[in-house]
């Protein structure tokens, strides 16, 4: 509102180039709004103290109490108290805001001042440290080197683990088949041996059983066919069938097959499979040991540094503008220190005076609030309006104390407000607004506006056809000085970032990696002999059907237990005691023969049945599994080296690709650092933006907020004085005129003058 004129380019140009020729009337015309404000402040500075002096002098004459009470007295008193309370609350709000903004301003000033040298230092380091930064970038090659070296430490284990992972399903299946076949072989050999031994026992038992059975048959037939035997017809038929059923001499012998499987299994298949499994699982460690020498050679290649990186910083072209820029910024930084110290010192004084004056306004607010409270309390406690009451009197005095103190602090308040307003307003309009609208950059771009010592284009090393505003926008967008100064014409960056020869050496060494699987046999020689013996044994050619035919026959065609019981029944029914006794003896003999000969023979038959049926069902499958395992072992031993070589080649290529990617990422990072970060002017635009934020947002904004709040309080002191004076009259006893003319009767009490108060 006060300053509506645009940026005074001509005035600033004259001030920078020829300070002595600046005309005062031009400055006054530009600052006419502030001149008007200065007049207002001067009037305030004169009027308020004079009004206060007049008030103190004519306080007694003007009257310190209400003369008479009428109907509108209560309404008038309430209105005055309400306006005083409202004005006091407005003052309280303003003084609280003034306290807050004063403290915020003080807190922002110190970091803002401290940030100025840092901004200048960052600008000075923008180009002066480029060679060191390039050297640091080149030294970062150790990061991909370190990563590759760490991976080389585990490349053997990694490749071995990959080979193990890709082959484990085939190998585990193969070893499981061998283990299962070994168990089946052992079981089959055990069954064959058990069958052979059982067959021998059955034949021997058959030979031992046949004579007593024949003899029992003969004796039973003699007794049962005799004329004296009564009811023996059925028993005769059973006795005639008393003869051997199964004849194990008719089955084929298995001695030949058993002979072929003599000493089988020679190998311990369980231990062999466990050993082969352990050997296969140790493949990562085995590969690591076999690759140790090649890995050592690879590490020597990786530890070297490409030739281009060695000269990255050494061949970088000299930056002519760097020295001038660095020197200019260093001078500015050195000269700024005493000024910044003075700024901090003045800020401390401003902060103290601000607190003192804010405290003065706060004291007025406290006096008004206490005076109102005590006055209202006194009014409510007073029975007769003409009677004096201590609380009301105290409230009136507090209001008048606040009035007197308001007159005292009005002058320093208006002086501080105007001084702060003059500085903050000009900073806001001349600097901040024109800076934010880019008018300052346009002013700097206009030829002749800046003196030769402030030629920013030369200091920043910008091309002549590039303006400051355009350079600022380019830097803001992240453009690099690399492209602005066209350094690619004088420096071949890609030549220094070429690592093709480096990676070629690495690839050549990687081709020497090898893994030998000769320690993995799958089948030991003994196990191989066992399986070949089983394959040629003819186990599946045994006539198991002839065994089953005899096994299905009973050992004795007649059930000897049943026949013995029948004979015992016949013995009890015979008329001849001698015949009965003989039949009883024969029954007992049959029982003994059954228990001693027949039952063991039946047990052997049951055992033979189990072994024969097991071999009959397993032998064909066993032969098939044996052939499959032998063929698969032969196939795997021939194919494993090819598979391992193919996996090793793939893994080596993947490893090389991964390691080259590390170096490629590093080179891309170097390219980005050199062209976009190390040689970038973005810190310049950042420094300018930070400077604007420090000056305008962190200093000017709270500064202007502070004087605005203080001005708020300053101008609201006037209504506070008026309402406090008028309200204090109502807290005194009302003057009632009596019929007597005596001065003692008409003047109830003496109103003290304000000048008599001891403040």
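Keep in mind that glycine also has a Cβ here, set from the backbone N, Cα and C atoms.
TrEMBL annotations: computationally assigned, not manually curated.
Here the structure is a predicted model, which means the values were calculated and not measured.
Your range for transmembrane segment, going by TrEMBL and the list 351-377, 432-458, 459-485, is 351-377.
The range from 705-725, 726-746 that TrEMBL describes as transmembrane segment is residues 705-725.
Within its own chain, the transmembrane segment (705-725) has Cβ neighbours under 8 Å at 44, 48, 55, 80, 83-84, 87-88, 90-91, 94-95, 97-98, 101-102, 104-105, 354, 357-358, 361, 364, 368, 371, 399-400, 402-403, 406-407, 409-410, 413-414, 416-417, 420-421, 424, counting only residues six or more beyond its boundaries. Taking Cβ pairs closer than 8 Å, the transmembrane segment (398-423) reaches residues 34, 37-38, 41, 44-45, 48-49, 51-53, 55-56, 84, 350, 353-354, 357, 360-361, 363-364, 366-368, 370-372, 374-375, 703-704, 706-707, 710-711, 713-714, 717, 720-721, 724-725, 727-728, 731, 754, 757, 759 in its own chain, all 6 or more past its ends.
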